[in-house]
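Asks: Can you keep this structure in mind? I'll have questions shortly.
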């Protein structure tokens, strides 16, 4: 019996039935009625109750199915009155008694005899009524446990389906009671139940704490034992589904499979080699093998079979190209230069690339080359082709080994450039392009005479268009890292052949030729002037043709013309600049569609022209900037979608789908990507034009940069917005020359927003950008530009960032983990970068508050001290840098904090880690330089330790040089500050003098050569002794030549050295200089003239 009035039931039934009508008009009326009359604050409870009853009890399967789907959709939908579309749900806002009624109906329907498809939909609806933010529902768990014992497999499958969505239903139950449930599911006679059980098991596994994982390990053999039966029975889909679940488990706990790893390798090998299976089964088997390398690389390296198997199966899959097309006729005629339709081949390439990146050449190169040597001599062209593509895929990951074998690799590859089969030629071009990137710039310097002629030979009309295009693309890779001097001898041949490609009747060939010419021009720089007069008129002629069908070609022409202009310089470009600008203005004013590729090319071309013309570009800003402002003001285009729609949306590159609070949210990412591009271009114009851009600053800041920090669904938008802020401020300052009221107001809004972001930003990479923007903004605004409230908020933000970083690093670097390996090098890198930016932001605040910030810093001192006492070098270095900054900018005011860090700092002077020694030495130096009274009792006693640092046998090695030079500068600072108070000062001075030259650390060099100059001026016998003058001169010349000391900074010491040389006979002075080669002597004449 219904809980609703008959009239409500009758009205809503008519609406739901109308939803099933084939008549669009009837459906539209029903949708409107439901939306306007029932999805309201007053009626949503009636509607959800009705839909639950119909899903559970209606004998009309169409009405029941529609009701279940609508119920789930509306349960997830945010209430009409809610402003939190993504977080709020109707199901959590209805009254408890209504929720209880709905739950009762759905559960009764689930347990009754219903069609299998209806029960599936009911299980999805039930799952939405048991989310963790709803009251407990103990009856459900008992019902599911009973259903899992049912003789009807659909009951069992649907029960596991619910547990998949809400695994926490059983996490509170004793694990020993749960194990038999999954054991039974894994051995179920029904394939669908097995799959549902495995999927539910993964969800349950994710919910459990690590301490319980070992208890689940006993189930894994049963899970894996289900796989051979699927294979034997030809159940490809089931096999793929279980592999997908296993992949999730491997990503969580790879070492849980350690004892079964050999069996997994053998079974996946069998599946991948079985070409009778559908591609999804084979590719998911390969993915399972691949994720082991990404999550347990050491386990893979220690297994003899893993590398051999992985290499063998990927090579086999890479031969699966041009099936039933031995001459590759279809491939040759295809205009689509991607090979993604060759699914197994594409998966294999990606897999080998990923595994190589994780395991490296020491492990993978040997098994790979064992097969490659055989394959390149095979009579089967597919094997020769696969060998080339495999080498391309593995090159980056194996670079540690292969970069030393370039001649041998080229001996193997280059003969195949003239292979009879075009796909092998293509593969050869691919290798040459790939290694030109992966082994750059070394390979450009050492092998240009082999690579460039080989690629140029494939640009000729004797080759197929696909090969010509790929050779041209490989030349882009080579040019990107080649100097103009390397390219110059080949330019005639390159340009002659590329101009021929421009005459091709195939659009994609023309487009690639233009891209290659553009990159070569960019690399060749002024060497390209010779070809300017031939190429620029050709490009302009293409741009003048009014044809909307070749917008990409026009875009490539713009790109090419502007890159050539940039290469040859403003003066030469002037000959055609006005003509090109007129064409671009006409295109800008034409009706270009939103999704036309020409729009992006046009925007980038204007940016390059601005780089060429500088301030002469300003008159064009009213034409160029308004469209960018429109794109940059785009809002977040998001929408709630059904789970069934998610796969469709994910097929489109313009959209992304994320899951938040059980909801599927579609994000129109292409709009946001365009927004980022527009913001980056605005940043480019602002950087180039400074004060000339000031007219746009207020609008860009208030309508683009600051609102972008709230774009929580696109990291790039937030990063671009934060980066824009200090650049906009500098434009306004450049225009006015003073800090006017508008500038101060904008800074206050921007800095408050950035500081607030330090607390709320979830991504460490973006937090890093916020700190960087604060530092750059403070540089623009100067002293005391943050209020007391902002300083307090900044301190809280830094504290939160440090706490989060520390916890992340503890999680990754904790004690041995029996389930995972510590492999998060990328995350370490991110955290190191973040800590570096926090160091800079703390320093900026300390510097501009004249020590006033010290009292705020005391609030985060406990966290800094935790870092200081940790064993992780990154954390210790962060703390040491903070200490150095607080002494530099706080000076004698730091006396009260002295005892909190000095014992650890002096201990760090003898650390085995050179980076820590460097930071500690720097601190001792700033103690003497900025707070000599407070730290005299620290600095003088450390002199002997500092001398040991600069004097030990490996002190001048590359890895130790920075720490040595900082210790050297610290000695100089102590000698300068405490000269008369130091016993044996001349001995220490002599020891210091032996540390010169200082050629790596610019800050250390600056002080060391100031001190050297002072010693000379004071006629110190240590440096002024005739026997030492040659060493003095040499140390100064080396510092200037290595640019650790700029010519401007070096004027004082150069002047002192000249004075010192004046004491020598001119012949002796010239003898000192004459030992230098001609290139250095040319500089010496300039420095010492």
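Backbone N, Cα and C atoms are what each Cβ position is placed from, and that goes for glycine too.
These figures come from a predicted structure and were not determined experimentally.
Feature annotation from Swiss-Prot assigns N-acetylserine to 2; the stated evidence is a large-scale study or a structure entry. Residues or ranges marked as repeat 'HEAT 1' by Swiss-Prot on the basis of experimental evidence: 6-39. The repeat 'HEAT 2' annotation in Swiss-Prot covers 44-78. The repeat 'HEAT 4' feature in Swiss-Prot is assigned to 138-165. As annotated by Swiss-Prot, repeat 'HEAT 5' applies to 175-207, with the evidence given as experimental evidence. Per Swiss-Prot, the feature repeat 'HEAT 6' maps to 216-252; the stated evidence is experimental evidence. What Swiss-Prot lists as repeat 'HEAT 7' is 260-295. Residues or ranges marked as repeat 'HEAT 10' in Swiss-Prot: 399-439. The repeat 'HEAT 16' annotation in Swiss-Prot covers 692-735 and rests on experimental evidence. Among the features that Swiss-Prot reports, repeat 'HEAT 17' is placed at 742-781, with the record citing experimental evidence. Residues or ranges marked as repeat 'HEAT 18' by Swiss-Prot on the basis of experimental evidence: 788-849. The phosphothreonine annotation in Swiss-Prot covers 830 and is backed by a large-scale study or a structure entry. Per Swiss-Prot, the feature repeat 'HEAT 22' maps to 986-1017. Per Swiss-Prot, repeat 'HEAT 23' is recorded for 1028-1063, and the stated evidence type is experimental evidence.
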Asks: Apart from its near flanks, which chain residues at least 6 from the ends of the repeat 'HEAT 7' (260-295) lie with a Cβ under 8 angstroms of it?
Replies: 220-221, 224, 227-228, 231, 236-237, 239-240, 243-244, 246-247, 250-251, 254, 303, 305-306, 309-310, 312-314, 316-317, 320, 343-344, 347-348, 351, 354-355, 358-359, 820-821, 823
Asks: Under DSSP, is residue 830 (phosphothreonine) helix, strand or coil?
Replies: helix
Asks: Determine whether the repeat 'HEAT 6' (216-252) and the repeat 'HEAT 10' (399-439) share at least three Cβ pairs under 8 Å, counting only pairs 6 or more apart in sequence.
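Replies: Since fewer than 3 Cβ pairs under 8 Å link them, the repeat 'HEAT 6' (216-252) and the repeat 'HEAT 10' (399-439) do not come into contact.
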Asks: State the Cα to Cα distance, in Å, between residue 830 (phosphothreonine) and the residue listed as 'N-acetylserine', rounded to an integer.
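Replies: Each residue's Cα considered, residue 830 (phosphothreonine) and the residue listed as 'N-acetylserine' end up 58 Å apart.
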Asks: Counting Cβ atoms within 10 Å of each candidate's own Cβ, which of the modified residues 2, 830 comes out highest?
Replies: 830
Asks: Can you work out which residues elsewhere in the same chain, 6+ from the ends of the repeat 'HEAT 16' (692-735), have a Cβ less than 8 Å from its Cβ atoms?
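Replies: Residues 615, 618, 621, 625, 629, 632-633, 636, 638, 658, 665, 667, 669, 672-673, 675-676, 679-680, 682-683, 685-686, 742-743, 746-747, 749-750, 753-754, 757, 761, 763, 765-766, 769-770, 772-773, 776-777, 779-781.
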Asks: The repeat 'HEAT 4' (138-165) and the repeat 'HEAT 5' (175-207): do they have three or more Cβ pairs under 8 Å, with pairs 6 or more apart in sequence?
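Replies: Counting Cβ pairs under 8 Å (6 or more apart in sequence), the repeat 'HEAT 5' (175-207) reaches the repeat 'HEAT 4' (138-165), since there are 3 or more.
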Asks: In terms of Cβ proximity under 8 Å, which residues at least six beyond the ends of the repeat 'HEAT 4' (138-165) contact it?
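Replies: Residues 103, 107, 110-111, 116, 119-120, 122-124, 126-127, 130, 173, 181, 184-185, 188-190, 192-193, 196-197, 199-200, 203-204 contact the repeat 'HEAT 4' (138-165) from elsewhere in the chain.
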Asks: Write out how many residues of the repeat 'HEAT 1' (6-39) are helix, how many strand and how many coil, based on DSSP.
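Replies: Secondary-structure composition of the repeat 'HEAT 1' (6-39): 29 helix, 0 strand, 5 coil.
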